[in-house]
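Here Swiss-Prot flags GLY115, VAL116, ILE117, GLY118, ASP119, THR139, SER140, LYS152, LYS161 as NAD(+) binding site, drawing on sequence analysis. Residues annotated as Zn(2+) binding site in Swiss-Prot: GLU194, HIS256, HIS275.
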Amino acid sequence: MTPSEIHADERLVHVPLGERAYDILIGPGLIGRAGGEISARLKGRRAAIITDEHVAPLYLEGLMDGLQTDGIEAVSLTLPAGEKTKSFEHLVTVCDAVLSARVERNDAVIALGGGVIGDLAGFAAGIVRRGVRFVQIPTSLLSQVDSSVGGKTGINTRHGKNLVGVFHQPDLVLADTAVLDTLSPREFRAGYAEVVKYGLIDKPDFFFWLEKNWDDIRTGGPARIEAIATSCQAKADVVVADEKENGVRALLNLGHTFGHALEAATNYDSKRLVHGEGVAIGMVLAHQFSARLNLASPDDAARVEAHLKAVGLPTTMKDIPGELPPVETLMAAIAQDKKVKGGKLTFILTHGIGQSFVADDVASSEVQSFLSEKHPG
């Protein structure tokens, strides 16, 4: 069988990774066609669907029906929603469910959900039988443009976010844009922060386009699919150039060093801060820190902050509800960042909008002094 033809309102992004190459399909109605798209690409006839309690009532039945129609026998596991599900405890639960479903190497684990479910299910797919097929059906904007693409999987520990995991590329990504209409405005904005990130890394024209087209993206106009496709292509290009994050892929972590520290500081409490909001604040801080180090103009930092604020995203630590722990606690979280090498702090800094770079010898004293100025305490 061959994959179905791309519809007029869809986009396809191909990720050319040799034997591990895969397609990202972007457009409305893809969940209903998932069975056909999967069966056209994978030999296996079994699947284990991993989802969460928020997504399951909306899309699980439709996905199961579609798989059955195309001859794929599927079972499902529904987990609690939220960042705390990315744990060893739930990883064991997922692995047990996949093995109980008798999923073999040519069969598939299907992640139906946002980034949490994708990271967790992908980790399980990477280690069960030393690797089974994996299909991402991301249901949030953030997961459609970021976490579903590139093969990073993992869980959180008490030491920090995403510190235990494997690289396991998906075999197919189905980004059904129709599901985005069910997201809360807050969740949609949080995902949009990752869209902005691609412009700030090395695509200034994309950032300027986003400034003009945010309203059309928000309301589901033609710019929405264009923004998602551009983001997926940007990430695919980086992943192909540096799959295992030994070089340029680290640029995708713009805003994430500060952001992850803030997530840890709020104990991953989504009522206070969700991942995309942490990234938004982190990107502003990265631009401000770059300006402080005389690497970039303060005007660029102000422009980034202005756009994110206009969208409705938090842009300062003061925007986070509740008290934050002291700067020393934030510094301890930063010291656990995956990009730390030889004990030296590594940040993604910038020379301006669309001019990000890896700075691999940042003085901790400079970071601590900067955070002390920005800390609301």
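Backbone N, Cα and C atoms are what each Cβ position is placed from, and that goes for glycine too.
Feature map: annotations from Swiss-Prot on the structure.
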{"residue": "GLY115", "record": "NAD(+) binding site", "Cβ contacts under 8 Å, 6 or more apart": "PRO138, SER140, LEU142, SER143, ASP146, SER147, SER148, HIS275"}
{"residue": "ILE117", "record": "NAD(+) binding site", "Cβ contacts under 8 Å, 6 or more apart": "ILE50, THR51, ASP52, VAL55, LEU79, THR85, ALA111"}
{"residue": "ASP119", "record": "NAD(+) binding site", "Cβ contacts under 8 Å, 6 or more apart": "LYS86, SER147, LYS152, THR153, GLY154, ILE155, ASN162, GLY165"}
{"residue": "LYS161", "record": "NAD(+) binding site", "Cβ contacts under 8 Å, 6 or more apart": "HIS260, GLU263, ALA264, TYR268"}
{"residue": "GLU194", "record": "Zn(2+) binding site", "Cβ contacts under 8 Å, 6 or more apart": "LEU141, LEU142, VAL145, ASP146, SER231, GLY276, VAL279"}
{"residue": "HIS256", "record": "Zn(2+) binding site", "Cβ contacts under 8 Å, 6 or more apart": "VAL279, GLY282, ILE348"}
| query | With the Zn(2+) site defined by GLU194, HIS256, HIS275, which remaining residues of that chain have Cβ atoms positioned within 8 Å of the Cβ centroid? | reply | LEU142, ASP146, ALA193, LYS197, GLY255, GLY259, GLY276, GLY278, VAL279, GLY282
| message | Under DSSP, is LYS161 (NAD(+) binding site) part of a helix or a strand, or is it coil? | response | strand
| note | Using a 10 Å radius on the Cβ of HIS275 (Zn(2+) binding site), the other Cβ atoms enclosed count 28
